[in-house]
Amino acid sequence: MARVLLTCFFILISSHLGKSSGVFELKVLSFTSTSSVCKGSSDCQIFFRVCLKHSQALILPEPPCTYGTGMSEILSADSISSSAYISVPFNFKWPGIVSLIIETWNAETSDQSTENNNNMISRLATKRRLAISEDWSQDVHLGRQSQLRFSYRVVCDEFYHGEECSDFCRPRNDTFGHFNCDAAGNRICLPGWKGDYCTEPICLSGCSEENGYCEAPGECKCRIGWEGPLCDECTRHPGCLHGTCNQPFQCTCKEGWGGLFCNEDLNFCTNHKPCRNDATCTNTGQGSYTCICKPGFSGKNCEIETNECDSNPCKNGGSCNDQENDYTCTCPQGFYGKNCEVSAMTCADGPCFNGGTCMEKGSGSYSCRCPPGYMGSNCEKKIDRCSSDPCANGGQCLDLGNKATCRCRPGFTGSRCETNIDDCSSNPCQNAGTCVDGINGYTCTCTLGFSGKDCRVRSDACSFMPCQNGGTCYTHFSGPVCQCPAGFMGTQCEYKQKPTPVNSPALPAALIVSFTLGLITLTLVICAAIVVLRQMRQNHKASSTTVRNNLDSVNNRISLSPTSPLGREKEAFLIPGGPFKVSNKDMALRSTSVDTHSSDKSNYKQKMVDYNLSIDEKHTNNKLEKNSESTLLVPPLNYPKEGVYHPVYIIPEHIEQRVFATEV
């Protein structure tokens, strides 16, 4: 919503930027004329008209007034003063040079009419350069019958500024701007704001321009991933305990810490300093340590001070006085020494050894001044500066006479070998490995996919956990993962999975109904087909039986003499010129109607002869085409009604060479 309002505001401002507004003002200071002007009227009424036109070399008083026009009120001629005020507003850029026309008119009526030029008293037409100013310019016009004194100026309307009244500026302090305006129309931003329209707040000094922003002056709001008063501190990864970041949501572990969230203590001695009383601390693992106490102290952290007098070191009745890391013995009369173990002697006894110098004391005792390298009440002890084991962590003590020097084991340093050298300081572990400091060495805990002392060697995580039973190994960020084949399970596919019984889903009722209807329909179709086939076979069988019976009745007639007419008629059924006969299979007999009138036998015989001739002719032509199909048609004959023979038709069929025997 705010964006829409801001857009509307900019459109409104743009419309004002293309608009100008001002007013031309004129005041008549005095007007005098001859008495003949008012034509003897006792109360002469006049008014003034101002016409502004564009700059013209020859000023034409005729309209139009291109820049505007204005009239004064009707005034009495003898009471003209500064009350005659005329204004001509304009809404364009002020050009600076105009043609000014001032006319004085006689008002015959209350109407300010300028149509009758006889009522015009005077006219001033001049060109003026008028600059925008609050100051009035004065001028005098001397005519033939009048004198006009006037002043004029051009000023801009409120919120318009500049030499042309074209600069719009209205002070405001709201969502659309926070500014005031100077005399020239320039926007002066209020404190805490900037921008062309003073809509951008000035953030807190030092606030990061890249990582911070503000919605009000003096604020500094951080973007995601940054924090701090000036938004110049990156936000660590959530849960990061002992780490830093250079970019948002990083967790770079400090020295001595490791792990994803830098919560694993790898250098307990450095981070916590648990050993007290100047004891030497040694890291022994993740979160563990060992304190090597100085003499006079004990306990896990060397926090317990040892009382050296508990062992009763003073002899011969001497009293023990406990001190820090030491004790003193107060010896009875006649004894001296560290532990009052030496009885009193004099220098005459030569008590000092190893070249010591004996010195008498007033109490009847003596003291020995020992040469360098010896000590003791009688200089009997050779100074062994290594006897106190000053070298820690297995360092070798070297007595050089005046002082002792420690030769440290590899991995330790310091005057007493008390400091364990941090072998992880050089960050030897590569590929994001975690370094654990040891004694004269270090151990790298490598991330997934790397191995070796310094985690430099890429390794296959699947080689450490092979998958069984044909499983496929994949490398996951958490470690190797096995994808088991069907029937196996487990982290390495080592377990056989019991088969799950499969329950056949119940068939839908609609499917059962559809299947039943389809089966019934198929059964009906098959039955109908069987009935039709049986009917066709019966019809065909009946036709064949009828033909066979007719042929048998013909062939089984009694044998006739060849010379008789009937014998010759029978011979017509034989194929001439060969041993073939027409069989019952190749014949089809059809009964035809016989003419009711009897014909003579000569006619009958003639027809039979014609029939035989036609057969002989046909048979002769077909001898060369034994394997081709032929049709032999015997035209129907008119037999006597009482005759015993009927006409015979030969059914077309492929003729093969066969021998037919028919008994007659």
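Every residue, even glycine, has its Cβ placed from backbone N, Cα and C.
The disulfide bond annotation in Swiss-Prot covers Cys207-Cys220 (among others) and rests on similarity to another entry. DSSP assigns Cys220 (disulfide bond) to coil in the three-state reduction, outside any helix or strand. Other C-beta atoms found within 10 angstroms of the C-beta of Cys220 (disulfide bond) number 19, with every protein chain shown included.
Summarising the annotation, Swiss-Prot assigns disulfide bond to Cys269-Cys281 (among others). A sphere of 10 angstroms centred on the C-beta of Cys269 (disulfide bond) encloses 22 other C-beta atoms. When secondary structure is read from DSSP and collapsed to three states, Cys269 (disulfide bond) falls in the helix class.
Secondary structure at Cys320 (disulfide bond), taken from DSSP and collapsed to helix, strand or coil, is strand. Under a cutoff of 8 A between CB atoms, and with a sequence separation of 6+ in the same chain, the neighbours of Cys320 (disulfide bond) are Glu308, Cys309, Asn312, Pro313, Cys314, Tyr327, Thr328, Cys329. Marked as disulfide bond by Swiss-Prot on the basis of similarity to another entry: Cys309-Cys320 (among others).
Residues annotated as disulfide bond in Swiss-Prot: Cys314-Cys329 (among others). There are 23 other CB atoms within 10 A of the CB of Cys314 (disulfide bond), with all protein chains counted.
Annotation comment: Swiss-Prot describes Cys331-Cys340 (among others) as disulfide bond, evidence class similarity to another entry. Mapped onto three states, the DSSP output places Cys331 (disulfide bond) in coil. With a 10 A radius on its CB, Cys331 (disulfide bond) counts 22 other CB atoms from all the protein chains.
In the three-state DSSP scheme, Cys347 (disulfide bond) falls into the helix class. Sequence annotations record features per position, and here Swiss-Prot assigns disulfide bond to Cys347-Cys358 (among others).
All protein chains included, Cys368 (disulfide bond) registers 22 other Cβ atoms within 10 Å of its own Cβ. Residues or ranges marked as disulfide bond in Swiss-Prot: Cys352-Cys368 (among others).
Taken from Swiss-Prot, the feature disulfide bond applies to Cys370-Cys379 (among others). Counted within 10 Å of its Cβ, the other Cβ atoms near Cys379 (disulfide bond) come to 21, all protein chains included. Secondary structure at Cys379 (disulfide bond), as computed by DSSP, is coil.
According to DSSP, Cys435 (disulfide bond) is assigned to a strand segment. Taking a C-beta cut-off of under 8 angstroms and a sequence separation of 6 or more, Cys435 (disulfide bond) has the following same-chain neighbours: Gly258, Leu266, Asp423, Cys424, Asn427, Pro428, Cys429, Tyr442, Thr443, Cys444, Thr445. Here Swiss-Prot flags Cys424-Cys435 (among others) as disulfide bond, drawing on similarity to another entry.
Per Swiss-Prot, the feature disulfide bond maps to Cys429-Cys444 (among others); the stated evidence is similarity to another entry. In the three-state DSSP assignment, the secondary structure recorded for Cys429 (disulfide bond) is coil. Within 10 Å of the C-beta of Cys429 (disulfide bond) we count 24 further C-beta atoms, all protein chains included.
Taken from Swiss-Prot, the feature disulfide bond covers Cys446-Cys455 (among others), and the record attributes it to similarity to another entry. Secondary structure from DSSP puts Cys446 (disulfide bond) in coil. Around the Cβ of Cys446 (disulfide bond), the number of neighbouring Cβ atoms within 10 Å comes to 20.
Same-chain residues at least 6 positions away in sequence with a Cβ under 8 Å from that of Cys467 (disulfide bond) are, in sequence order, Cys473, Cys482, Gln483, Cys484, Gln492, Cys493. Annotation comment: Swiss-Prot describes Cys467-Cys482 (among others) as disulfide bond, evidence class similarity to another entry.
Residues 6, 175-178, 191-193, 247-249 of the same chain, all 6+ positions outside the domain 'EGF-like 1' (199-232), place their C-beta atoms under 8 angstroms from a C-beta of that stretch. What Swiss-Prot records for 199-232 is domain 'EGF-like 1'.
Sorting each residue of the domain 'EGF-like 2' (233-263) by its DSSP state yields 0 helix, 8 strand, 23 coil. Under the heading domain 'EGF-like 2', Swiss-Prot lists 233-263, citing sequence analysis as support.
What Swiss-Prot records for 265-303 is domain 'EGF-like 3'.
If you take every residue in the domain 'EGF-like 4' (305-341) and average the pLDDT, you get 82. Summarising the annotation, Swiss-Prot assigns domain 'EGF-like 4' to 305-341.
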Cα-Cα, whole number of Å: Cys370 (disulfide bond) versus Cys340 (disulfide bond)?
19
Leading stretch by Cβ pairs under 8 Å, where the reference is the domain 'EGF-like 7' (420-456) and the options are 233-263, 265-303, 305-341:
265-303
When DSSP is mapped onto helix/strand/coil, what comes out for Cys368 (disulfide bond)?
strand
Identify which of the disulfide-bonded residues Cys309, Cys329 has its Cβ surrounded by the largest number of other Cβ atoms within 10 Å, counting every protein chain shown.
Cys329
Rounded inter-Cα distance in Å - Cys220 (disulfide bond), Cys269 (disulfide bond):
41
Among the disulfide-bonded residues listed here (Cys281, Cys368, Cys379, Cys455), which has the Cα closest to the Cα of Cys358 (disulfide bond)?
Cys368
